[in-house]
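Heads up, the thing below is written out as structure tokens.
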Amino acid sequence: MKKILVLHTGGTIAMSADEDGAVAPTDKNPMTGFEKLFDHQLIIESEEFANLPSPHITPAVMLKLKNRVQQAEEAGIDGVVVTHGTDTLEETAYFLDLTLPNSIPVIVTGAMRSSNEIGADGLHNLISAVWTAASDDARDKGVLVVMNDEIHTARYVTKTHTTNVATFRTPTFGPIGLVSKHSANFFQELIRSEICNINSLVEPVYLLKAYAGMDGTLFEAIDQPTTKGLVIEALGAGNLPPATLPALHALLKRNIPIVLVSRCFNGIAEDVYDYEGGGIKLKQMGITFCQGLNGPKARLKLQVGLSAGKTGTELSDFVSNATS
Ligand SMILES: NC(=O)C[C@H](N)C(=O)O
């Protein structure tokens, strides 16, 4: 019998809709009390993380969650399920993936429909997540996201649709496994990356999205003594409007690390174009290209690297690739 800890943090999975269809957190989490569904597992539930809509989840909460999962493995727990709102689910899952040194399965799940809506998906996702957390095949695979019968890696999964239950997708190569009635089935594995077992957070690290006609105004606005880092979702393969460059030079002059990803849904950022604001020029300025992550995850990777005390080349090597 496996001991599975279910950490409830909130989100639509723990919400209900009123007669007008307005969705809000409930007084009693509707996802608790299902231990009887898992006669072969010992389910331990915890609501210590309150009942937060995931737009209220911060990196500080993610760090507490990381410490709680680490404590659970040291206490002999065989697997952990985290129920979470889907708006920031991929960020919490990736933060845990970057910072958890343990090998037990850690599965993050949620729901796109609240608990009392027709076709509610929360309980099905919770059951799938528990079966995956209890699977020996889910060990040493990093943090996983289980939604809609699919198993995705925290590193690459992203929310692609505002309401659809199939919203979580992994661009390019898809899920690494599928959940059938009572088992988790894997058909891919990730190249594991460095783990930073941090216990504090460096902040603030900003994220800005580039757009046609962008100038330096927003970059000047974050050029503050407190700023610790910046990630830019750049145009195409990794290019920026020329009007942004003076403000970026000013940030780099103050040794503020700047990391660049593409705002494109698929593909990777690389220094291809040799014109003013092109990727080759940006790399020559000292901007680090991050391959394989979206903007929010690259921001977390930069923040975790800084929080682990990385600087200079060590930091740029750490953030330059999803697998580094
Ligand atoms: N489906 C969800 O959970 C969305 C909700 N707004 C949340 O992230 O808390």
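The first residue you see is number 1, and the count goes up from there.
Note: Cβ is positioned from N, Cα and C throughout, glycine not excepted.
Annotated features, as they stand in TrEMBL:
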DOMAIN    3-190  domain 'L-asparaginase N-terminal'
ACT_SITE  THR12  active site
ACT_SITE  THR12  active site, O-isoaspartyl threonine intermediate
BINDING   SER54, THR86, ASP87  substrate binding site
ACT_SITE  THR86  active site
DOMAIN    205-315  domain 'Asparaginase/glutaminase C-terminal'
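Residue with the densest Cβ environment among the recorded positions THR12, SER54, THR86: THR12, by other Cβ atoms within 10 Å. Taken residue by residue with DSSP, ASP87 (substrate binding site) is part of neither helix nor strand, so it is coil. Those residues of the chain, other than SER54, THR86, ASP87, with a C-beta within 8 angstroms of the mean position of the substrate site C-beta atoms are GLY11, THR12, PRO53, PRO55, ILE57, HIS84, GLY85, THR88, LEU89, GLY110, LYS159. Residues SER54, THR86, ASP87, recorded as contacting substrate, have a largest CA-CA distance of 7 Å. Within 10 Å of the C-beta of ASP87 (substrate binding site) we count 17 further C-beta atoms, all protein chains included.
A distance of 9 Å separates the Cα atom of SER54 (substrate binding site) from that of THR12 (active site). In this structure the C-alpha atoms belonging to ASP87 (substrate binding site) and THR12 (active site) are separated by 10 Å.
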